[in-house]
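According to TrEMBL:
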| type | residues | note |
| --- | --- | --- |
| DOMAIN | B:75-280 | domain 'ABC transmembrane type-1' |
| TRANSMEM | B:21-46 | transmembrane segment |
| TRANSMEM | B:71-100 | transmembrane segment |
| TRANSMEM | B:120-140 | transmembrane segment |
| TRANSMEM | B:146-164 | transmembrane segment |
| TRANSMEM | B:194-212 | transmembrane segment |
| TRANSMEM | B:259-284 | transmembrane segment |
Amino acid sequence: MDITINKQLVQKGEKDQDFTPVFNINNLNLWYGQDHALKDIKFDIPEKQVTAIIGPSGCGKSTFIKTLNRMVEMVPIVRMSGEIVYRDKNIFDPKYGVEELRTQVGMVFQKPNPFPKSIYDNVAYGPRIHGIKNKKVLDEVVEKSLRGAAIWDEVKDRLNENAYGLSGGQQQRLCIARCLAIEPDVILMDEPTSALDPISTLKVEELVQELKKDYSIVIVTHNMQQAARISDRTAFFLNGEVVEYTDTSTLFSNPSDKRTEDYITGRFG
Amino acid sequence: MGLINKESVKKKMGSRIAANGFAKFLFILATCFSLLVLGVLIYRILTEGLPYLSLDFITNFASRMPERAGIWAALLGTIWIMAVTAPVSFILGVGTAIYLEEYAKKNAFTKFVQINISNLAGVPSIVFGLLGLTIFVRLAGLGSSVLAGGLTMSLLILPVIVVASQEAIRTVPREIREASFGMGATKWQTIRRIVFPAALPGILTGTILALSRAVGETAPLLVLGALAYVAFVPENLFSQFTVLPIQLYNWTSRPQEEFHMLAASGIIILMIILLIMNSIAVFIRNKFHKRF
């Protein structure tokens, strides 16, 4: 039944959609109390590409990305309608557990948020909570994840030191490594470089380019140049609506909506 | 421009600086006053108590003859009571705190519970003594035993531990909880592996400080029927007992001068115990202090 939903979506999708979707978002509405934060969101997120979400502050882009792994439900007054289909499964289906979803859809947050534990324990946290106890397996996962996040060479000699001793940029890459350790399918990044200096930002951006070979990435950013640099497709959010969603080069060179044009040329936002 | 009269600002400058100095003086005075009182107290206790302080004083039982009297029974009684109070109050207190902070919905009822817990922390200890007498000694039929005493003390310090643990849990930042949930951890895994370890130093500090309050309490145990004269050490949870503060109270209320000296010696021992406990609390706080 779920598969038919998917097919319908693909059939009536926009013309420029020639990708395999990992998420189909269908008429998603979200309210914080009386505040209508997301309005009739409807688009598909491609597999193994980088999808950027841009828009001015308060446009709902962070809310949207947190909906994809249901983190938004940690806000008690939130209400939702519509559906998000992740690989043929409606993520709001009560039978589909939120823990299961989050092992497939990992998240990197705005502020680096390592645990107050050693570097090793930070990365091993994910596998451990999923029941992996074998030391050899854990060692391999930790090394592979830290290599994957391009931080292995910097920390390999001090895996047992507290993660709080790392610099902000290193902490953020550690958080990416921690996210890779659960071997997710999708990685959500909520303004991952907004707390970082330009050099660390560059490293994270290069990393994102590297990661999209194996992962589908959704990245929220308030930095339009960043979106232009690293993403394949871009969605422009405004007041809780998707104004425009197309491939990044088209959106930045030839936007079809006046509001998109105003935003990317810096007339507001 | 010109809204501020520079001349009057200049004129008031002197009195502002004088008030600044006066405030500093007042606070130094307040501190000195407490230090002075503490100094006099310590001096008096040391001069009275030190002559009687010896190994025999620690290992002897109480006696009618001052030169043979000691605090062995009271010291062990205190340790027994703590051995009951510490685990019971820690488990119940931390459990309550975790429930209130992590699981309970924030509604009128939990708010009501919260206010009552804070109020309980201020209830006079004698009231807890009466509660213990009714519930543990009479209703549960435990008698004036170590178990009844320890449970009563647990009730007494429970509110303090709950409030301290809640504070500690609240300082664990939301970001690291989100990181845990974001990887598919359940609520219990997040609490057990992230929130609890991060809050533990604060919880332990609060617990130890609460326990040191219990070490010094007399009233609730007097109400329970703890004995004032004991020439045996507790053998099990159902033995009768005395504790240090009761022994001291007993000695100070006797007419003979020598017993007052003995009480001073006992106070030194009690203060050493409290000092050690508080030092452990400070040590834990500094050693495991988390930077978030």
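Glycine is no exception: its Cβ is also placed from the backbone N, Cα and C atoms.
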Whether the transmembrane segment (B:21-46) meets the transmembrane segment (B:259-284): three or more C-beta pairs under 8 angstroms:
yes
Other parts of the chain folded back onto the transmembrane segment (B:259-284), taken as Cβ under 8 Å at six or more residues beyond its ends:
44-46, 48-53, 57-58, 66, 69, 71, 74-75, 78, 201, 204-205, 208-209, 211-212, 215-216, 244-245, 247-248, 251-252
State the non-local partners of the transmembrane segment (B:120-140) in its own chain: residues 6+ outside its ends, Cβ under 8 Å from one of its Cβ atoms.
147-149, 151-152, 155-156, 158-160, 163, 217, 219-225
Under an 8 Å Cβ to Cβ limit, what residues of the same chain, 6 or more beyond the ends of the transmembrane segment (B:146-164), are close to it?
77, 80-85, 88-90, 92-94, 96-97, 100, 117-118, 120-121, 125, 128-129, 131-132, 136-137, 140, 202-203, 205-207, 209-211, 213-214, 217, 220-221, 224, 226, 234, 236-241, 243
